[in-house]
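One structure is given here, and the rest of the page talks about it.
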Amino acid sequence: MRFGVNESILFFFNFLAIVPMAKILSVGINDLSARLHPSYGAVLHAFAGNFVELVISSYALMDKQYAIVRSSVLGAILCNILLILGVVFLAGSWPRKGARRQSMNAHLSTQLFVSTSASTLALAVLALVTPAAFKIAAPTGTNIECDLQNISHATAIILLFVYAGLLVFQLKTHANETVDNNEAHHGEAQYFLVFDLFLIVASISGITVCARYLVTSIEHLAHSFHLGNGFIGMVLLPLCVVSNFMEHYDAIKEASEDKVDTAVGLILNTSVQIALLVTPVLVLVGWITSRPLTLDFNTLEICVLACAVLIVNYLVADGKANWLEGYMLIVSYIIIAVAFFYFPNVPEVPGLETMKCNPWSRNLPPELLGIGEGEGGGSH
């Protein structure tokens, strides 16, 4: 019980409350996007959903739920590139009576942007799994907790620079090649700019408040049913963030109207932004607030993320999508969800908040650095 209210009721009402606010946010973003180049609209749509994801993960970070934060980041990416992209492929390639496309294949004409986004996502995966691979490869008994923090901080900063480069590519140097002009919306703005900004700010504020109670109630319900932190972050949180649901609905709707380029671009935009913007910001916020969030993903998380991105890169490489590929993506997501349903909690390392780590030193013991007892063992 919370404030005398059953957790199930609290979850239900906050879930319902977010739906109209997410729609208002979508209206504000759509009207604001009409004033800008279509490429800006894609970035704004992705950021609108991911901002709420960022706020929710920040709440969990302040509560020192590091495992849930890491899992929720990967869960949001996997939900996008497997479950939602799979539904988009199904909606975009399935023949419909009276449709202008009767083929069982959907063609991606903005192949440059699709392939660039998929490649960027692969680069992000390499960066995200490097700290965890470092931990696995480190010799047994080595104190590497500070090393993991330093590697994670450096990786976060580098990923932000990659995201800045991607924005320049998408919005400036290749702006006309990252959108399909035949599919892009060319409507006119219906409201004043100030009113658009008011809708966006008001809806984000309301969603943020409701999302806080939504996440809290999800955690309580999950613990009541003895669900692990991995399942909470990888499956429950991504599926219950309704602001993302509205973006997913828009993508599926676009695909069902034969605008597959727009739909795939929106999904990949959102996924890349989570990897290159949301995750680094969370790591840096943890650094500033003495919440040592590291990119220390477990082996299962590394494997499923790497395999998922590899599959997506392979599927979009030929510039075509069919219903069977979408079906396989959805099945892949279900397999991962089942695995994390049975995956036990991984305890956090105690005392991380009190560690004083020097970013310019390495915490390997002297014998691993080749320093003999008579040569001194000062810190490096």
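Backbone N, Cα and C atoms are what each Cβ position is placed from, and that goes for glycine too.
Listed in TrEMBL for this protein:
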type: TRANSMEM; residues: 9-29; note: transmembrane segment
type: DOMAIN; residues: 9-171; note: domain 'Sodium/calcium exchanger membrane region'
type: TRANSMEM; residues: 41-61; note: transmembrane segment
type: TRANSMEM; residues: 73-92; note: transmembrane segment
type: TRANSMEM; residues: 112-138; note: transmembrane segment
type: TRANSMEM; residues: 150-171; note: transmembrane segment
type: TRANSMEM; residues: 191-215; note: transmembrane segment
type: DOMAIN; residues: 197-341; note: domain 'Sodium/calcium exchanger membrane region'
type: TRANSMEM; residues: 227-246; note: transmembrane segment
type: TRANSMEM; residues: 266-288; note: transmembrane segment
type: TRANSMEM; residues: 300-317; note: transmembrane segment
type: TRANSMEM; residues: 323-343; note: transmembrane segment
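Under 8 Å from some Cβ of the transmembrane segment (73-92) lie the Cβ atoms of residues 50, 53, 57, 106, 121, 233-235, 237-239, 241, 244, 248, 251-252, 255-256, 258, 260, 263-264, 267-268, 270-271, 274-275, 278-279, 282, 297, 301, 304-305, 308-309, 312, 321-323, 325-330, 332-333, 336, all in the same chain and six or more residues away from its ends. At the 8 Å Cβ cutoff, the transmembrane segment (150-171) and the transmembrane segment (300-317) share fewer than 3 close pairs (sequence separation 6 or more) and do not count as touching. Across 9-29, 41-61, 300-317, the stretch most heavily in contact with the transmembrane segment (112-138), judged by Cβ pairs under 8 Å, is 300-317. The transmembrane segment (191-215) makes no contact with the transmembrane segment (266-288), as judged by fewer than three Cβ pairs under 8 Å among residues 6 or more apart in sequence.
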